[in-house]
Amino acid sequence: MRKKLIKKIGIFDSGAGGLTVLKKLRKNLKGVEFYYLGDTARLPYGTKSSETIVNYTLQNVDFLRTKDIEILIVACNTASAYSIPHLKTKLNIPVYGVIKAGAKKAVKVSENKRIGIIGTRATILSNSYQDEIKKLCPECEIFSNPAPLLVPLVEEGLIEGEIAEKIVSIYVMPLIENKIDTLVLGCTHYPVMKKTIGKIVGEKIKLVDSATPILEILKKSFIFPKEGENKTEIYVTDYPENFGKLSEKFLEGNFDKIEHIDLQKYRS
C-alpha cells in the first residue's frame with residue numbers, strides 16, 4: 001500500500017507542553033506546515049471532568065480543521081486519555097494521541113519491568129497508560145502518581161532550582177522506592193523539566209516521553225517532503241507572557257507567527 005505524502009500537521013495541547021512534540025517533529029521533518037494550538041485560557045485540563053475535556057478537545061480540533069490539516073496529533077496526555085475515540089469517529093484524517101506511543105516506548109526500554117508513571121490527576125485516574133502498558137506487557141508492574149503542580153511550574157517557567165526539585169521529589173520518590181527502572185513522563189509539559197527530573201531520579205532510571213515515539217510512528221506510516229522550509233504557526237486562547245517565552249526558547253524564535261484566537265467561534 002502506497003504511503004500518503006503529508007504536508008500539513010495539526011498539534012494541540014492545553015498549553016505549552018506540546019511544544020516538546022512540535023520541536024521534535026520540526027527538527028526531523030522538512031517542508032511541512034505545522035499548526036499548533038495551545039488552549040492556555042482553559043489550562044490545566046488535568047483537573048477537569050472527562051466531559052469537559054472532550055468538549056474542549058472537539059472545539060480545539062474544529063479550529064485546526066480550518067487549516068486543512070492532514071494529520072492531527074493530540075499532544076496532551078489528558079485529552080488523549082479521554083478524547084481519542086471521539087476524534088476518530090468525528091474526523092476523516094489520521095489521529096494520534098501520545099499515550100500509546102509512550103507506553104510502547106516504556107515497555108521497550110524497561111529491563112526489570114517495573115515502570116513508573118507521573119501525569120496529571122485526570123490522566124492517572126483514567127488508567128490509560130496502565131492499560132496500554134498491560135496490553136503490551138502483562139507481567140509489567142506499574143506504579144503511578146499524579147503530579148498536578150508540574151504543569152503550572154512549566155507554564156510559569158519554573159523548571160529548575162530548589163522549588164522545582166522539591167516538588168518533583170515529592171512526586172517521584174514513592175515511585176523510586178518501588179524500584180522502577182523506567183519513568184514515563186505522562187504529560188507533554190514534563191519533558192521541559194527533564195533535567196530537574198533526571199537529577200532527582202538519577203542516571204539508572206530511564207525517562208520516557210512521547211515526542212520521539214510519535215516521530216517514529218509518523219515516519220513509519222507516511223512520507224514527507226525531502227526538502228523545503230517548514231512553516232510554523234502558533235495559536236493560543238490566552239496569551240501569557242511566559243508562553244511566548246517558552247515558544248521562543250523551544251523553537252529558538254523560529255516560527256512564522258503567534259496569534260491569540262477566540263475558540264467560542266469554533267463549536268462542535
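Keep in mind that glycine also has a Cβ here, set from the backbone N, Cα and C atoms.
What TrEMBL says about this one:
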- D13, S14, Y45, G46, N77, T78, T188, H189: substrate binding site (BINDING)
- C76: active site, proton donor/acceptor (ACT_SITE)
- C187: active site, proton donor/acceptor (ACT_SITE)
Considering Cα atoms only, can you say which of D13, S14, Y45, N77, T78 is the nearest neighbour of C187 (active site, proton donor/acceptor) among these binding-site residues? N77
Inter-residue Cα distance where the pair is C76 (active site, proton donor/acceptor) and Y45 (substrate binding site), in Å: 9
Counting other CB atoms within 10 A of each CB, which of the active-site residues C76, C187 comes out lowest? C187
In whole Å, could you give the widest CA to CA gap in the substrate site formed by D13, S14, Y45, G46, N77, T78, T188, H189? 12
Whole-number Å value for how far C76 (active site, proton donor/acceptor) lies from H189 (substrate binding site) (Cα to Cα): 9
Return one of helix, strand or coil for N77 (substrate binding site), based on DSSP. helix
Work out how many Å separate D13 (substrate binding site) and C76 (active site, proton donor/acceptor) at their Cα atoms, rounded off. 5
What does DSSP say about D13 (substrate binding site): helix, strand or coil? strand
Assigned conformation of T188 (substrate binding site) - DSSP reduced to three states: coil
Please give me the CB contact count at 10 A for Y45 (substrate binding site), counting all chains in the structure. 26
